[in-house]
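Peer 1: Quick one: this structure, given as structure tokens, is what I'll be asking you about.
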Amino acid sequence: MNPQAKLIFVASLLLGTTITISSNHWIMAWAGLEINTLAILPLISKSHHPRSIEAATKYFLTQSAASALVLFSSMTNAWHTGQWDITQLSHPTSSLILTSAIAMKLGLVPFHFWFPEVLQGSPLSTGLLLSTIMKLPPITLLYMTSQSLNPTLLTTLAILSAAIGGWMGLNQTQIRKILAFSSISHLGWMAAVIVYNPKLTLLNFYLYTMMTATIFLALNSIKVVKLSSLMTAWTKIPSLNAMLLLTLLSLAGLPPLTGFLPKWLIIQELTKQEMIPTATLMSLLSLLSLFFYLRLAYCTTITLPPHTTNHMKQWRTGKPTNILIAILATMSVILLPISPMIISIV
């Protein structure tokens with residue numbers, strides 16, 4: 001892709017995200033979501049492969065339907081209340097439609113079918129954007145309307161997402177699909193607590209973004225998209241694989257790594273809200289996703305002979321990217337010791 005065109009698309013992506021997260025009017029938020037959708041489509045289909053074109057088409061149709069539902073929800077709320085302010089979502093029907101639309105945009109169950117296929121058909125760099133930056137505007141809308149959302153509906157979506165995300169990721173061999181189901185599972189944890197503690201949802205999203213960015217950047221550096229290829233990566237770049245191993249364990253939520261912190265805080269918050277059965281069920285469902293995280297971590301430690309003799313070329317080139325991976329991996333692993341300060345902020 002032309003560098004100038006890529007710069008325009010990335011700038012439009014940042015513009016659409018900024019418009020949505022900084023707007024108070026539903027029309028402006030909808031416009032930002034539409035800019036985001038139009039900006040990411042060329043990045044998905046830039047390889048001109050039939051799978052990429054299929055992924056871009058699925059993404060466009062799904063996001064267009066979700067954006068239409070967002071607009072319909074805001075119009076319904078304005079019809080009954082006379083308010084276009086995002087924080088004044090008081091009509092129950094509008095709240096229900098908005099929750100469904102945001103769930104479709106995020107890929108929450110039962111609107112999750114598009115996300116693994118789109119991520120599988122996208123390059124790793126675009127997959128990073130789809131898993132992190134593209135989820136920020138919908139989560140921001142949920143954050144701003146959290147006081148008006150239906151707790152029962154969100155809890156149901158959270159439990160289903162944690163279950164399906166862990167269950168369907170068990171038999172996958174494509175790393176991008178595994179990370180897609182990992183994203184669905186983590187979104188379930190965020191949806192479970194957003195009504196009771198929205199700041200905790202944002203903290204969970206920020207930590208998830210940091211760990212996922214580390215994994216995508218590391219996989220992009222070693223050019224790995226399948227488990228069979230991941231098995232040969234240890235002999236190519238041992239230091240990068242060590243960071244990838246620890247980051248995967250952190251994303252799995254194993255103590256004392258950073259990924260354990262948001263799950264710990266969410267379980268604590270659900271217990272405070274007297275939702276002990278929900279907290280117990282979410283904890284048990286996280287064991288499903290723990291299996292494929294451990295399988296990914298195990299594949300990074302297998303020392304099979306590499307397919308190529310060009311071992312260190314990819315790691316020696318692109319030093320700024322390597323420094324970024326090292327910084328993100330370090331934060332993804334050792335952030336937990338400062339958790340008392342984070343808990344005091346939340």
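Backbone N, Cα and C define each Cβ position, glycine as well.
What TrEMBL records for this protein is below:
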type     : residues : note
DOMAIN   : 23-288   : domain 'NADH:quinone oxidoreductase/Mrp antiporter transmembrane'
TRANSMEM : 56-75    : transmembrane segment
TRANSMEM : 95-115   : transmembrane segment
TRANSMEM : 152-171  : transmembrane segment
TRANSMEM : 178-196  : transmembrane segment
TRANSMEM : 202-219  : transmembrane segment
TRANSMEM : 240-261  : transmembrane segment
TRANSMEM : 281-302  : transmembrane segment
DOMAIN   : 290-343  : domain 'NADH dehydrogenase subunit 2 C-terminal'
TRANSMEM : 323-343  : transmembrane segment
Peer 1: Which range out of 95-115, 152-171, 178-196, 240-261, 281-302 gives the transmembrane segment (202-219) the most CB pairs under 8 Å?
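Peer 2: If we count Cβ pairs closer than 8 Å to the transmembrane segment (202-219), 240-261 scores highest.
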Peer 1: For the transmembrane segment (95-115), what are the same-chain contacts with Cβ under 8 Å, counting residues 6+ beyond its ends?
Peer 2: 33, 58-59, 62-63, 65-67, 69-70, 72-74, 76, 89, 130, 135, 138-139, 141-142, 145, 148-150, 153-154, 157, 160-161, 163-165, 180, 183-184, 187-188, 191
Peer 1: Sequence-remote contacts (6 or more beyond its ends) of the transmembrane segment (152-171), Cβ cut-off under 8 Å?
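Peer 2: Residues packing against the transmembrane segment (152-171) from afar: 96, 99, 103, 108-110, 112, 116, 177-178, 181-192, 194-195, 275, 278, 281-282, 285-292.
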